[in-house]
Each structure stands twice: as structure tokens, then as C-alpha cells.
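Chemist: Annotations per TrEMBL:
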type	residues	note
DOMAIN	B:18-80	domain 'SKP1 component POZ'
DOMAIN	B:117-154	domain 'SKP1 component dimerisation'
REGION	B:208-267	region 'Disordered'
COMPBIAS	B:220-233	compositional bias 'Basic residues'
COMPBIAS	B:242-267	compositional bias 'Basic and acidic residues'
Amino acid sequence: MAKRPCPSQNPRVDNLNDVERLLDAFLSLSDLPSLSLDLSFERLLHSLPPDSDLIDRALKMGSLLLDAAKHSSRKRASNHNSLAWPLPPDLTIKVFSMLDTQSLCYASATCSLFSKCAKDPLCYANLDLTTLVPKVNNAVVATMIQRAGKALRSLKLGVVPGATTLGSCPPFVCTIRHSIVEVSNFSWNDKRSRQGRESSILTRCCLSPLSGDGGAPGALLRKLHLYNIERMDNASLSVALSACPSLLDLEIVGL
Amino acid sequence: MSEIDMAVIKPEMMKPYVWLQTSDDSIQQVEQEIAMFCPLICQEIIQKGMGSSKNCAICLPQQVSPAMLSLILDYCRFHQVPGRSNKERKSYDEKFVRIDTERLCELTSAADSLQLKPLVDLTSRALARIIEGKSPEEIRDIFHLPDDLTEEEKLEPLRNITADPRIRLLNRLYAKKRKELKERERLKNIEVEEEHVDERSVDDLLSFINGNEGEPKGVKTSKNKKKNRRKKEQQKNSSSKETSELDKKEVNGHDIRHQSSEAERISESSYLHYAEDGTSTPKSDDGDIYDGIDPALKEKIDREVEDFARRLNSDWPERMQELLSSGQDRKTLLFNTDGFLRRHACMFSLVLQYFPFSIICFLAEL
């Protein structure tokens, strides 16, 4: 039914099945200089009986094609990156470990190569999660601590007016859905953790990941600074501190 | 003598040059002592005796192109001279890494393959400085890396440092609320200083405390920022189970919220301290962190107190008489029954100075 604009030059076409040939033909339409797909679609629509579901079909097929193309485009980009990026992974990780926490997050949102390297524990040795406004919540803290694992050496948490000012950064909305999927420690039925996820506030359980994993993250923690965590209470704080036997530098402001 | 022997036996050791082969198979002649700065080359020369002539040139890793090699050799040439000061070296390094990003990356890679750790550190730090403070889009531009993440994958824990007015408003609300709570605490602290004198003897108090070991309701705590904060939390959470039937001396507007045994013990000791000192109040740590009283808030509280006092005096005259006669040696305490009391705890303490009997009777009633 589809008109083949010209016999395909491509020898591979013979090995394809019908669907693929149709697709090939359709896509080669993009070479047509006089293509006006919307007009052709309208005309086809009018030629059919009014109750045809052409529009819905077009929507469906269009989105399927778009998704497939996006997927392949991402794969192509990944390939390109793995060839173009000159540093081996361990060097990349070394560079990332010299970044502050926010830049690390931005870097990991750049491409999948960076994202993979940014998940290495060495990059999370010094966590600085202080913000100007309450924005970091329990789940974020938990993810980061979990990623740090044994490499965690210093942790700064809370709301500090005049904190990390990276001037030229455009605002980025903070959501942590992806990271939650990775956090295997959380039980989805745990009301506490769910509350922590939905709000932007650090609750008193925010330091509980330090005791997780058999206390591995807290064991080598040297520096802990907490600023203005309103909901922190004695019990949780003492639990957290008892999970950090190597603590050398402790600063708590605004409790 | 031995020197000549050495020269005969191992002529390559005396030669000042080594031969290096780079990734494009071109061979260069380089001064030995400079090349030896690179651990890999050093290793090749010493362990394998390579590099003495064109034929057995040391094959450098493929990350090392001729351009990179010359850069690295420049670096080595500068740094292997022992007589340079740290300042000189530092400024040289700064200038050295001012190259375009692509070459910087290549250089890092090449230095790493030659195991030249100082240069690797230097270049890595330079790269980190480039990445720092940039948005993902900018990073992608700099390194020419097309985006290959799906929308969900991008939702990593990023922090919002926006100047969104809603966030600012929220922040202001938080700050205000926090301040309010602090003010209340502060007021209560101040009122402690005007407490009425404890008329019971020390022994009395001691026995009272010891007898009430198991009932941790209204005891004064040692000043502790954390505890004060926690008190506020607890008071929000706990409910009427805090009601105490005990008769305890009213000490302070904010003392009675602790339910942990730890607080209990500390509070007992500090209570003793308080009892001995009479009206002195343990120095409030809170004072250090609290701001000056917000005058508007203070006014509001003053007004509330006056209101309350008026109400008290008008509603309870008969009961006052009644209770006065019956409960003479019963001193009641201000204790924590519900939010109303808590919220107006500071008012109670203020009222106490104005209408001591009325408040006591009122509380006895409860």
C-alpha cells in the first residue's frame, strides 16, 4: 500500500521482513523535498469513512517510532562517548572525587559514562549536603551515604544561610525518584521513609543510614557537621554518633 | 678505574640520551635524566636495559602522542631541577595546565600511562576545576559529549539552589517558626529568675525526688540545646499521658517535658542544684544561641498574660478561697497536660509574679 518513492539503493533491504521494508520506505520519505506530511495525512483522513481510527493509529505509531528512534539515538551517543572520552574510568573517578557534591551530581546528569563513574564510592568520601533552603531530604542523604559505603570520611548536612554558592548555576529541580529505586535499604512500606521522601525536610532519621550495612559507612567517618536540623532529637543523634567511632570533628548547630 | 670499567661494560648507562617511540611510531632522542623523571621510562631503562639505541627504543604507551610527549618532557625538564622553590613550581604548574580541555584530557591520560603521578594529580585537579560549578548542559558542551540519558535517569539527587520565591517564602516561614519557638523558650528561661523562693527544706526535696524516681514527669533539666529542642518535639508528640498527679514544686515554665530516664537523672541532679541555689537558675545555654526577644512577640505574650490573669481573677475568686484553705501545704506545679498549657506556659510564669495564689489554685484544681 505504501508507495515506494524509488527502488531502495540499499542491498540490505532484501534481508528485511515486510514491516522493516515498509519502515524503510516511509523513512526515506524524509528525503523528499516537497514532503508535507500533514497535508497528506489530512487528505487520507478525508478519503476514509468518518469513523476510522486513523488519528489514533497515527498517534500510536508516531510515538512508537519516536521512542525507538530516541532509544537508538541514546545508544549512539553512548558509543560515541565511550570512544571520545579520553580518560580511563579510574582517572575519571579520580577527577570526580575532587569535585564537591553538587558538581558531582551535575556531572552525573551529563551522560551515562559520567553517571556510571560518579557512582563510585570514592567520589562520595566528602559529602557536603548543606543548602540555603531546606531541599535535601532523607532519601537523598541515604542514597549518598549508601554510595559512599566505607569511603565516607566527612558529612555535612543541614540548612546554612549563605552556604554553597555556585553562582552561575541555573536552578535545577531536585527530585530523587531514580535514586530511591536504587536504595535497597528502604522498605516501601516504611511510613517513616516515605514521609522523608515526600517532604523536603530532614527528619530525625536522616542519619540512620550511618548505622546501616553493619555500620560500615559510619565506621570511618571523621567529620560530621549538622546545621539547623530542626527535627533531630537526642535518641537519633546518639544512635548516629554511636555508629561513628572514628569521629574527630563534630559540629552541631541549631538543634 | 672502576668508572672506565663501567663505561666499557655498560656504555648505555653513561650516555645521556634515550630513545623513545611514541604512538605514531616516530622515535625521539631525549636526555636521559629528564626522561628518567617518568617512572615507566625509568623502569624500562633499568630493568630491561632498553632505550640505548634507535633499535631498542622504549615503546611508550599508545596514549602518548608526540605532542603529549613534548609537553610531558617540558614538565619533567622543569621539575627535575632540584633548585627550584615551591612557589616557582606552583606558578609553573598553573601556567602549564592552561591549555584547552581536549589536550588537558589527553595529557592526563598520557601522564597516567607513564605513571607520572604528580602530573596526573595536577591535570586531574585542573579538570575538576573545569567541571566544578557547571550545569550538565555546559559540561556536555565543554567535553563534546552528547546526552544519552533518559528523562528518569536525569532525576538524580540534585540540589536546588534556586532563587524561587516560593522557596524563599518557605524558608522565611521556617525561620519565623523557629524563632518563635526560641522566643518562647527564652521567655521561660527569663521567668525562671523571678521564681518564688522554694520554701521546703533541702531534705524534703531530696526525699521527694528519691521517692519519685519512677515517675519522670516534671523535673528540671540541665540546660542543653538539644534537650530544649527535643522538648519541643516531644511536647508536640506526647499527649495527656504526661499528666501528672504528683505534687511537684513549680520550677520553671519549660522544665517538665522530659520522659527519658537519662533526662530524669540529669534533671534530678540539676534540680538539687537548683534547690540549693534557691532562685538562681542554671545558666541557660540557650541564651547563647537565641536572638534578642522579638518585641512584637513579647508584646503579644504580655497582652495574653494580662488577659489570662484578668480572666483568672474574675472566674475563680470562690475557688481561690476554697483551695487556699484546703491546700495550704500543697504546692502544685505547672505541668504539662496538653497543648494549651504548653503554649501558655510562659504566660503562667509571668502571671505567677502578678497573681501567685491564683495560679496555684488554678493548677490545684487541675
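Note that Cβ sites are derived from N, Cα and C of the backbone, with glycine treated the same way.
Describe the structural context of each listed feature in the structure shown, including burial, neighbouring residues and relevant distances.
Modeler: When pLDDT is averaged over the domain 'SKP1 component POZ' (B:18-80), the result is 83.
Secondary structure counts, DSSP: the domain 'SKP1 component dimerisation' (B:117-154) has 23 helix, 0 strand, 15 coil.
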Chemist: Just to be sure I understand, if DSSP states are collapsed into helix, strand and coil, how many residues of the domain 'SKP1 component POZ' (B:18-80) fall in each?
Modeler: 28 helix, 11 strand, 24 coil
